[in-house]
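Here is the structure we will look at.
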């Protein structure tokens with residue numbers, strides 16, 4: 001895991017305080033705090049923190065810090081990226097259920113359009129980073145796991161290459177991907193800070209940072225990114241109940257990103273694709289990689305409201321990928 005050096009703590013604290021509205025602030029869930037360098041800085045700033053730590057090597061010291069405070073810090077043995085696994089029977093720590101976690105934190109579910117009920121902060125492990133981002137995205141669209149409780153805000157250190165993908169523009173065919181479209185539709189994405197890799201220590205025995213290589217995008221920093229679920233995401237025909245179908249429609253569209261939308265619609269056995277594109281004011285020869293995120297949502301809603309679309313086209317892929325993500 002990566003561990004923030006002390007000099008970075010004050011910067012992170014200011015970033016998390018930025019944009020905070022008046023009145024009591026939501027509880028802050030920090031995952032994988034490690035030795036607690038950032039935890040102490042957040043506590044000094046007045047944050048109420050729940051620390052979710054998977055390593056017993058760090059857990060004991062964090063508990064000692066908890067015992068020295070008057071309820072401002074709560075330490076829980078668990079792994080944020082092993083929330084709600086598809087497993088039968090009782091979960092064995094560090095796996096944990098979101099229901100038990102939220103009950104322990106004392107955070108109640110709120111309607112989707114309500115204020116943010118919880119803020120999450122942590123450094124995303126570089127191993128399987130893309131998979132972890134996908135899993136969070138699935139949960140957000142389906143309002144499952146932590147998102148059963150409302151629009152939980154994520155404040156994550158992610159690699160610069162993944163931040164570049166999240167914020168890519170149509171036409172940038174090498175980095176504009178299905179993940180880009182779904183993230184930009186689902187989240188308000190705000191870059192809070194960029195920090196060189198050298199500002200982080202590691203608990204690897206060789207002391208190396210294991211910086212992942214990147215060819216198509218820069219990767220010289222870790223980026224602190226705020227991902228706030230869009231309040232108006234579930235409007236029209238897009239709902240948590242059919243969101244997985246929408247996700248796989250987008251994923252299938254990027255199987256050949258330079259293919260024409262008209263051809264993709266034909267592969268879905270849609271006979272009236274020209275009429276549909278005209279109604280949506282999308283050029284017939286538009287390539288999949290040139291459509292804006294909003295175009296994909298409008299297309300999905302139009303298909304949902306027509307008699308031309310069969311969700312069975314994506315059924316097997318939805319089930320397979322959901323199992324894989326978990």
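Here the Cβ of each residue, glycine as well, is placed from N, Cα and C on the backbone.
Listed in TrEMBL:
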type: BINDING; residues: 3, 53, 79; note: S-adenosyl-L-methionine binding site
type: DOMAIN; residues: 12-205; note: domain 'Ribosomal RNA adenine methylase transferase N-terminal'
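Put plainly, the binding-site residues 53, 79 were compared by Cβ crowding within 10 Å, and the winner is 53. Residue 3 (S-adenosyl-L-methionine binding site) has a Cβ environment of 18 other Cβ atoms inside 10 Å.
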